[in-house]
Amino acid sequence: MQRTVLEGVGSYLPERIVTNHELATRIDTSDAWIRERTGIGQRHIAAAHETATFMGAEAARRALAAAGASADSVDAVIVATSTPDQGFPATAVSIQAAIGMTRGFAFDLSAACSGFVYGVSVADAMIRAGQCRSALVIGTEVYSRILNWEDRGTCVLFGDGAGAVLLRAGTGEDDRGVISTHIHSDGRYGDILFIDGATGQDDRPQHLVMNGREVFRHAVSKLAGAVDEALAANDLTQADIDWLVPHQANRRIIDAMGKRLGLAPEQVVVTVDRHANTSAASIPLALDEAVRDGRIRRGHLVLIEALGGGLTWGSALIRF
């Protein structure tokens with residue numbers, strides 16, 4: 001049985017850290033206000049040279065190093081980002097060049113905070129179909145450059161960073177690999193979370209706009225459905241899950257999903273307190289941390305899930 005195996009994980013965070021206390025000197029907010037509503041204590045903010053390409057390439061190099069693989073052994077680069085360096089060429093192509101990969105193909109996909117789950121789903125389908133044998137899936141985001149820093153309802157929520165995984169065709173030995181992926185969208189809700197502007201629309205501010213209450217309401221219900229779908233598709237129960245690695249948007253949503261699955265708090269990987277919401281980068285950033293510190297190990301069953309603008313949402317089950 002062919003199975004898409006996760007061989008390496010890597011991540012990159014900008015050097016600069018901005019705490020809630022620092023934000024409180026610029027806007028009408030406080031550390032207590034932010035923590036109570038989001039669970040966020042700090043976020044990493046990119047310097048001028050820390051672009052989506054720069055951070056994504058560094059995360060990719062680290063994923064390759066973790067897997068003991070070279071760039072030219074990779075067939076595809078799939079980048080999930082809402083904050084590309086330019087309209088085109090794709091950030092994926094720029095990363096392909098930056099890591100010294102001279103073969104294969106590269107492209108971006110846009111699914112906002114669900115982008116990494118979408119990327120894993122696309123890569124898994126291509127590997128299973130024989131279109132490629134390996135793929136780097138990268139989430140890289142520079143949200144600090146699209147925020148309205150005078151809007152305390154959004155600017156406190158996001159941070160910058162990148163994460164990457166190397167996926168490769170495997171045999172399914174020990175049931176390892178991507179077991180299933182489940183992705184969805186509903187464009188009727190596109191107006192509750194979006195960037196107001198795009199290339200060629202210079203009269204618009206290109207700032208992130210969000211109806212937080214509506215996003216929260218949909219997140220809880222739609223993520224619950226995606227999680228149930230993943231378990232039912234594989235005749236699994238909540239007790240089979242070793243780790244939940246959710247999109248790191250809000251501590252309340254994360255805690256709600258963990259409780260719904262009946263997981264102990266220590267089975268849920270949480271980085272939102274230190275990274276804030278890094279959109280498509282949040283899941284691979286959290287995966288890398290949990291792999292490096294020894295929590296996620298060979299044989300563990302990991303559930304990832306995310307919801308983002310679109311609305312888009314999805315889940316995936318991966319046996320490490």
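Cβ coordinates are placed from backbone N, Cα and C, and glycine is handled just like the others.
According to Swiss-Prot, the features are:
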ACT_SITE  Cys113  active site
ACT_SITE  His247  active site
REGION    248-252  region 'ACP-binding'
ACT_SITE  Asn277  active site
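Features recorded in Swiss-Prot, as mapped to the structure shown.
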| residue | record | DSSP class |
| --- | --- | --- |
| Cys113 | active site | helix |
| His247 | active site | coil |
| Asn277 | active site | strand |
**Item:** Protein Cβ atoms within 10 Å of Asn277 (active site), excluding its own
**Value:** 23
**Asked** Is the region 'ACP-binding' (248-252) packed against any residues at least 6 beyond its ends, judged by a Cβ distance under 8 Å, and which are they?
**Response** 37-40, 113, 157, 216, 219, 270-273, 275-278, 282-283, 285-286, 307
**Request:** Can you check which residues sit near Cys113 (active site), meaning Cβ under 8 Å from its Cβ, same chain, 6 or more apart in sequence, and list them in order?
**Result:** His247, Ala249, Asn277, Ser279, Ala280, Ser282, Ala306, Leu307, Gly308, Gly309, Thr312
**Asked** On the 0 to 100 scale, where does the mean pLDDT of the region 'ACP-binding' (248-252) fall?
**Response** 95
